[in-house]
Amino acid sequence: MHTLNSEEETKKLAKLLAQSLKPNDIVLLNGDLGAGKTFFCREIIKYFCGENTSIISPTFNLLQTYKASNFTIYHYDLYRLKSPEEIYELGFEEALNGNLILIEWSEIIKHLLTPPLIEVNLEALDNNKRLCSIITNHKENSQESSLIDFLQDSPLFDTKLDIQRDKSPTRKVKL
C-alpha cells in the first residue's frame with residue numbers, strides 16, 4: 001500500500017494511471033464511502049476529456065458517459081445495484097467494445113468480469129490522506145509491465161512506489 005499524503009498526490013496518481021490506460025481497459029475502484037473513488041475517477045476523466053469537463057457522480061443514475069478523443073469513458077457506480085444482471089441494462093455490453101470502463105463498487109459484478117482488470121483500492125485516513133494499492137492481473141509481458149514501469153519510474157512522487165510482482169501465470173501486481 002502506498003500512502004497518498006494529500007488530495008494533490010491522489011490527483012497525481014490518478015493522472016499517472018490515466019496515462020497508461022487505453023480503450024478496453026476496465027478499472028475497478030474499491031473502498032468505503034468517502035474513500036475517494038469518485039474523486040479518483042474524476043481525475044482520470046479529466047485527463048482524457050479536459051480539465052474543464054463537467055463531471056457528475058453516477059451515484060444516483062448508476063452510469064455517466066464521457067466522450068474522449070477516440071473512445072467513450074463509461075463511469076459506473078454500482079452501490080445501489082440489486083443484482084449483477086442489472087449491469088446489462090446499463091449498456092455494459094456496449095461499453096466493452098473499445099471503451100474505457102471505470103467501475104465503483106464493482107464487487108457485485110466482479111465474477112462476470114474477465115481479465116485483464118486493474119483494481120484501485122483506496123482507504124481514507126485523516127486529513128485527506130489515503131492508502132492506495134493498484135492491483136493488475138494482466139498476463140506477463142503485457143500491458144502490466146508497461147504500467148508497472150510507468151508508475152514505478154514516475155518523477156511525480158518523492159518516494160519510490162512500492163510495487164510487488166506475483167510470478168503466477170495471471171499475475172497480481174500490487175502498488
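Cβ coordinates are placed from backbone N, Cα and C, and glycine is handled just like the others.
The annotation ATP binding site is assigned in Swiss-Prot to E7, G34, A35, G36, K37, T38, F39. Counting every protein chain shown, 10 other Cβ atoms lie within 10 Å of the Cβ of G34 (ATP binding site).
Positions annotated as Mg(2+) binding site by Swiss-Prot: T38, E104. Listed in sequence order, the residues of the same chain lying 6 or more apart from T38 (ATP binding site) and placing their CB within less than 8 Å of its CB are S57, T59, D77, E104. In the three-state DSSP assignment, the secondary structure recorded for T38 (ATP binding site) is helix.
In the three-state DSSP assignment, the secondary structure recorded for E7 (ATP binding site) is helix.
Here ATP is bound by E7, G34, A35, G36, K37, T38, F39 per the record. The longest Cα to Cα distance in that group is 13 Å.
Shown are the binding-site residues E7, E104; the one with the most C-beta atoms within 10 angstroms of its own C-beta is E104.
Shown are the binding-site residues G36, K37, F39; of these, the residue with the fewest other Cβ atoms within 10 Å is F39. In the structure as shown, the Cβ atom of A35 (ATP binding site) sits within 10 Å of 21 other Cβ atoms.
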